[in-house]
Amino acid sequence: MDEENIRKRKESQNGSTSNNEDSQTKDKQPAKATVLQKDVGLLSGICLIVGTMIGSGIFISPKAVLLYSGAVGPCLLIWAACGVLATMGALCYAELGTMITKSGGEYSYLSEAFGSLVAYLYSWTTVMVLKPSSLAIITLSFAEYASTPFYPGCTPPVIVTKSLAAAAIFLIVMVNCLSVKLANYVQNVFTLAKLFIILIIVVAGMVMLAQEELKDPFRNLPLAIIIGIPLVSVCYVLVNVAYFTVLTPTELLLSPAVAVTFGDRVLYPLSWIVPLFVVFSTFGSANGSCFTAGRLAYVSGREGHMVKILSYISLKRYTPAPALIFNGILASIYIIPSDINTLINYFSFAQWGFYGLTALALIVMRYTRKELHRPVKVPIFMAGLMVLVSCYLVLAPIIDKPDLEYLYCTIFIVSGLFLYYPFVHRKVNWARKIMSK
C-alpha cells in the first residue's frame, strides 16, 4: 500500500510539473511588439487601392470629362490616358515603397529625399486639411445617396445628409480603431460590392451594344499596384463605354447622376440596385481614406512633426487610435461648412504639387541614395513625366483662373513654417513640453 501511495504521489507531482511546464511554455510565447502589425496581405492591398480610388466619381461625374472633351471618342481616350498615367505614377510609388518600407507613404519618401522641412510641410497640409476634408466629402456623397430614397422627388434636407455623414465618420473611425483585420475585412467586402455593380453596368452595356498596413511588401506592394491600378483603369473605361452605349451625349450631360439614369433605363425594375451600391462604394472609399490618413498622422507624431499623442498605438488592438480619432474629428468639422467642394478644389493643386515632389524624390534618390536596395526599379523617364504632368496640373488652374483662394492656400501651407521653427527645428523647452503631451 505504501508503495502504491508513493507511486500515485509521484504521478501527481509529474502531472503538476507537466502542467506547470505547459503553462510556462504558453507564457513564453513571443508577445507582439507595440508597433503597427503587418496584417495587410495581397488581397487586402489590392482592395485598399481599388476601394480608395473608386468612390462616387465614376457613377456621377463622367459628364464633366465629356463636357470639356467635346465628343465620345476623345472622352474615352482621356479616360484611357489617365489610366496609363496613373499606372506609371503607381509604378514610381512601387519603387519608393519597396525601397523605403516605413508607414506614411509620401511623408517618408519626401523625408528621405529632401529632409525634415519638406516632409513637415507635407504632413502639415495633408493631416490638417487634405485627408480629413477628403473623408468629409466622400461621406457627404455617401449620405446623399443613402438618404435620397427616403425623399422621393426632392433633395434631402441638409441637416439629414450632414448628420448621416457624421455618423458614417464615427462608424468608420470606430471600425479602424478596433482592428486592422476588421478594417481590411470591411474594405474587401465593399470593394467587391463596388466591382459587382461596375460589372453589372458593363455587362448591361455590352448586352445593349449587342442588341445594338502590407505583408511581404517587396512582393505584395508592387503586385497590388500592378493589379489594382490597371483594374481601376479598365473598369473606368468599360463603364464609360456602357454609358455611351445606352445614353446619348446630350442625355449624359443632362443627367445629375449618370449611373442612376443608366440604371433607370436598363435595369428597371431593379434600378434601385445602382444607388444602393453607390452607397457601398462611397463607404468603402471613405474606409480606405480613413485607414491611410491615420497612418500618416501616426508617422508625423512619431517623427515629432505633430503632437506626440498621435504616435500612440492601442496596446490591445495595435491600431493608431489617437491618429484615427484626430482625423475623424477634423473630418466632422469640415462637414459643417457648405462650400467644402471649394476647399477641396483649391487645395487639390497643393496635392498635385506634393505628387510631383514625390516623383522628383525618386529621381533625386537615384543619385543621392544609390546604396538603397530597390526590389522594383522603374525607368527614370516615368518619374520625369510625372514631375512634368504634376507641374502642369499645379500651374494650369492658377493661370487659367488666378483666384485669391490659391494665394490663401499657399499662405496656409507656408504658415506651417512658423510652427516648424520653434517646435521641430529648435525644439525649445516650452515647445518640447507642448509636443510631448
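Keep in mind that glycine also has a Cβ here, set from the backbone N, Cα and C atoms.
All annotation found in TrEMBL is predicted automatically rather than curated by experts.
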Segment assigned the feature transmembrane segment in TrEMBL (from 138-157, 318-337): 318-337
Leading stretch by Cβ pairs under 8 Å, where the reference is the transmembrane segment (221-246) and the options are 66-94, 272-298, 349-368, 380-399, 405-424: 66-94
Interface-richest range of 66-94, 318-337, 349-368, 380-399, 405-424 toward the transmembrane segment (272-298), CB pairs under 8 Å: 318-337
Maximum Cβ pairs under 8 Å to the transmembrane segment (380-399) - stretch from the list 66-94, 318-337, 349-368, 405-424: 349-368
Positions on the same chain near the transmembrane segment (66-94), where near means CB under 8 A and six or more residues out: 105, 221-222, 225-226, 228-230, 232-234, 236-237, 240-241, 244, 249, 252-253, 355, 358-359, 362, 376, 378, 382-383, 385-386, 389
